[in-house]
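Heads up, the thing below is written out as structure tokens.
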């Protein structure tokens with residue numbers, strides 16, 4: 001079921017209590033009334049469900065639940081069976097993007113241009129389900145949606161939107177986002193990629209190198225950020241096959257192995273003037289993309305965390321040592337309680353942030369807070385789960401070690417844990433601490 005044109009039939013709730021009338025003596029009736037009141041009092045007492053501790057489900061719309069459940073089925077039936085070998089062999093299957101396009105989950109918050117136009121919370125739920133399988137798969141979707149489709153939608157011309165967005169939404173085109181460079185990571189203002197304007201043929205010549213670029217080896221469209229002659233940083237749309245453009249693969253990764261990662265090398269690439277994004281003329285454009293990407297990450301890592309929690313819990317229940325299940329051990333229960341607490345708080349914070357985003361009330365610092373917190377906690381949870389599985393924890397057949405290795409990268413990209421601390425520190429004190437001289 002695709003997300004486009006989702007229609008939901010609301011079902012009326014059937015009362016859970018049915019009263020049966022019987023002919024009984026008054027004494028028996030009094031006794032029965034007493035028992036019934038006692039049972040009602042007991043049944044009305046709130047029950048704690050560890051799978052949804054603060055009842056997140058009741059705070060989602062019917063559409064959001066349907067979207068999540070539909071995508072969950074796809075992720076578990078189509079992606080989970082292939083991730084083990086994909087990770088072992090360091091392979092990303094291009095058809096996954098096409099399948100996501102058929103489902104309508106690419107650029108899902110964009111309205112029009114073949115996109116679903118769903119809520120920010122719905123997008124977060126999609127990221128959560130996808131990263132429950134693998135962070136590399138979620139990374140591919142995150143790049144396609146917030147980092148490629150968003151800048152075209154937000155900063156592009158109408159001609160650019162019409163040309164690229166429908167094909168990106170269908171998964172016909174795969175995009176990548178080029179900002180990080182070999183000598184420019186956490187400080188993108190120091191980028192060395194240059195764009196020189198050619199007035200004779202109204203084009204730009206781009207020279208430079210981008211690195212650690214998700215999707216680049218397989219990309220059809222490259223959103224690249226470069227410094228122009230006036231000192232401003234602008235975004236450009238490069239297409240596969242342009243002369244001087246190459247995207248070699250980075251191999252030997254121990255993290256995000258099921259994601260295609262590479263470089264973007266531009267050696268005198270001539271780009272038509274109409275391929276420049278007219279609505280972005282500073283780093284603020286790229287930061288706007290990253291802000292949306294970080295939001296999806298904050299949701300996604302909790303999906304990986306939930307997988308680790310559920311796996312560790314089941315292992316602790318099944319594994320017998322000293323004649324009892326590991327789950328009987330107080331230390332094990334304490335670790336599970338810590339995991340559950342952090343996941344629950346993170347999910348409800350993400351829900352609140354998603355609602356604020358849809359009201360245009362989400363400050364970038366809010367996103368930094370959750371990207372930093374949730375990634376750090378998710379990494380801790382994965383490491384803890386790995387430890388709880390003992391020697392089995394390092395086997396990829398249990399998947400936990402894969403999540404732990406993936407989250408090392410996720411905790412780093414789109415703003416490291418410490419960079420987001422400095423963003424928050426600046427908001428708290430009013431003093432920027434990124435450099436000593438400013």
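Placement of Cβ uses the backbone N, Cα and C atoms for every residue, glycine included.
For reference, Swiss-Prot has these:
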ACT_SITE  414  active site, proton acceptor
BINDING   138, 139, 186, 287, 288, 289, 290, 291, 292, 293, 294, 415  substrate binding site
BINDING   177-186, 212-214, 319, 330, 387-391, 416-418, 434  FAD binding site
MOD_RES   240  N6-acetyllysine
TRANSIT   1-44  transit peptide
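Feature map: annotations from Swiss-Prot on the structure.
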| residue | record | Cβ neighbours (10 Å) |
| --- | --- | --- |
| 138 | substrate binding site | 29 |
| 177 | FAD binding site | 31 |
| 180 | FAD binding site | 20 |
| 183 | FAD binding site | 11 |
| 186 | substrate binding site | 13 |
| 214 | FAD binding site | 24 |
| 240 | N6-acetyllysine | 14 |
| 288 | substrate binding site | 18 |
| 294 | substrate binding site | 24 |
| 387 | FAD binding site | 13 |
Open item on the list: Checking the spread of the substrate site as listed (138, 139, 186, 287, 288, 289, 290, 291, 292, 293, 294, 415): what is the longest Cα-Cα distance, in whole Å?
Closed with: 22
Open item on the list: I'd like the Cβ neighbour count for residue 390 (FAD binding site), meaning other Cβ atoms within 10 Å of its Cβ, all protein chains included.
Closed with: 12
- [ ] Provide, as an integer number of angstrom, the distance between the C-alpha atoms of residue 414 (active site, proton acceptor) and the residue listed as 'N6-acetyllysine'.
- [x] 24
Task: Pairwise Cα distance for residue 177 (FAD binding site)/residue 186 (substrate binding site) [Å, integer] - done: 15
Open item on the list: Spatially, which candidate from the binding-site residues 288, 292, 294 is nearest to residue 387 (FAD binding site), comparing Cα atoms?
Closed with: 294
TODO: Between residue 290 (substrate binding site) and residue 417 (FAD binding site), find the distance joining the two CA atoms and give it rounded to the nearest Å.
DONE: 14
TODO: Calculate the distance in Å between the alpha carbons (Cα) of residue 138 (substrate binding site) and residue 214 (FAD binding site), and round it to a whole number.
DONE: 11
Task: Neighbouring C-beta atoms (10 Å sphere around the C-beta of residue 414 (active site, proton acceptor)) - done: 25
Task: Proximal but sequence-remote residues of the same chain as residue 292 (substrate binding site) (Cβ under 8 Å, at least 6 apart) - done: 145, 146, 147, 150
TODO: Could you measure between residue 288 (substrate binding site) and residue 180 (FAD binding site) for me? Cα positions, answer in whole angstrom.
DONE: 15
Open item on the list: Roughly how many Å lie between the Cα atoms of residue 186 (substrate binding site) and residue 417 (FAD binding site), rounded to a whole value?
Closed with: 11
- [ ] Please state whether DSSP places residue 214 (FAD binding site) in a helix, a strand or coil.
- [x] strand
Open item on the list: At a 10 Å cut-off from the C-beta of residue 417 (FAD binding site), count the other C-beta atoms across all protein chains.
Closed with: 14
